Amino acid sequence: VSVKAPSLYPLKPCSSENTASVTLGCLVKDYFPDPVTVTWYSDSLNTSTMNFPSIGSDLKTTTSQMTSWGKSAKNFTCHVTHAPSTFVSDLTIRARPVNITKPTVDLLHSSCDPNAFHSTIQLYCFVYGHIQNDVSIHWLMDDRKIYETHAQNVLIKEEGKLASTYSRLNITQQQWMSESTFTCKVTSQGENYWAHTRRCSDDEPRGVITYLIPPSPLDLYENGTPKLTCLVLDLESEENITVTWVRERKKSIGSASQRSTKHHNATTSITSILPVDAKDWIEGEGYQCRVDHPHFPKPIVRSITKAPGKRSAPEVYVFLPPEEEEKDKRTLTCLIQNFFPEDISVQWLQDSKLIPKSQHSTTTPLKYNGSNQRFFIFSRLEVTKALWTQTKQFTCRVIHEALREPRKLERTISKSLGNTSLRPSQASM
């Protein structure tokens, strides 16, 4: 048999008995030849180890065991060295604490009635009976951590060695209606506990999808024609479908335009567009789109208001075409980052003249990983080599509500000048 490195497997009890100790093992399997060296590391001083002789005539197998005394969860590392194959590896095994105090975790939410105009929904995570000063609470949306400053943790009471705490998280109606799963993750005594929730179940017809789209910054601040769009997808036909609009303050509402489109998959979509007053929208007025049909168990209702949260102005950078690009074209890239909310408009100009939207492309806003709630996008403009070499100037213009008046920020680039300065200031409101 030729030299072969081992495989490592953790060994731990199937259940946590109410004993004063816990025993873990490290299985070292399918290696040749002897010997292997197994060493244990842990943050516990009260431990004992035992290494067993190897077995097997060809491929070898051995085990090593560690016993620890104490009531806290600990991480134990099995360090294995097999000199003949130069194999060195660590296997970390987490021991479940004995006599653990399991807290109770309840996740509740405020009213999720889509007929309500409130722009936020509150999630409450109650943790009862945890060890004092030994609890952390984190929020996740579809298993991704949510920006921590949106959460508020409050100690409710202390009873002897135990305490109770709750954490509150505000989310938008749009996040709630997206059917995402929200999770409260609680860590206590080194153990994790989860509670989950998602939007209230309702009687909306299966298959029919409805989106409510806010005004674009371009229409809101540049064109002065802000509008809401209610998009209804996957209908059998437009027959007997009604789309109506309602304002939160019950004031008069303008006339909406509506069109239907038949698609190749034999479904129909309806687009209803409602002009709104820019001042009303900026001040936080709420709107609803209601879609109904005689066969629906109840109307489909979508609500929208201006997104809550701290505003952050975008940073804009334009990049020169790559030198190795094909000889008959040049690609300009505009990076827009660190902005909130996600609603943003991007335009390209050539020598101060607007380039048609069909000639450039922009990604949808992407959210940063981790705790940052801000967004970034890329916009791409492809031009001919002739235009680029003629020292034409190309400008990436960004429109966003967090920018100072007139809510625009530009970055200009050309072959002869390179990157020019920003205009106007990118300072936030």
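Each residue, glycine too, has its Cβ placed from N, Cα and C.
Reviewing CYS125, CYS200, CYS230, the cysteine that Swiss-Prot connects to CYS184 via a disulfide bond turns out to be CYS125. The recorded disulfide partner of CYS230, taken from Swiss-Prot and restricted to CYS200, CYS289, is CYS289. For CYS334 (disulfide bond), other Cβ atoms within 10 Å of its Cβ number 24.
In the shown protein chains, 26 other C-beta atoms lie within 10 A of the C-beta of CYS230 (disulfide bond).
A C-beta separation below 8 Å, combined with a sequence spacing of at least six in one chain, links CYS396 (disulfide bond) to VAL316, VAL318, LEU332, CYS334, ILE336, VAL346, GLN347, TRP348, SER379, LEU381, GLU410, ARG411, THR412, ILE413. Counting only same-chain residues six or more apart in sequence, the Cβ atoms lying under 8 angstroms from the Cβ of CYS26 (disulfide bond) belong to LEU8, TYR9, PRO10, LEU11, VAL38, TRP40, THR63, SER64, GLN65, MET66, CYS78, VAL80, LEU91, ILE93. For CYS289 (disulfide bond), the Cβ neighbour count at a 10 Å cut-off comes to 26, with all displayed protein chains included.
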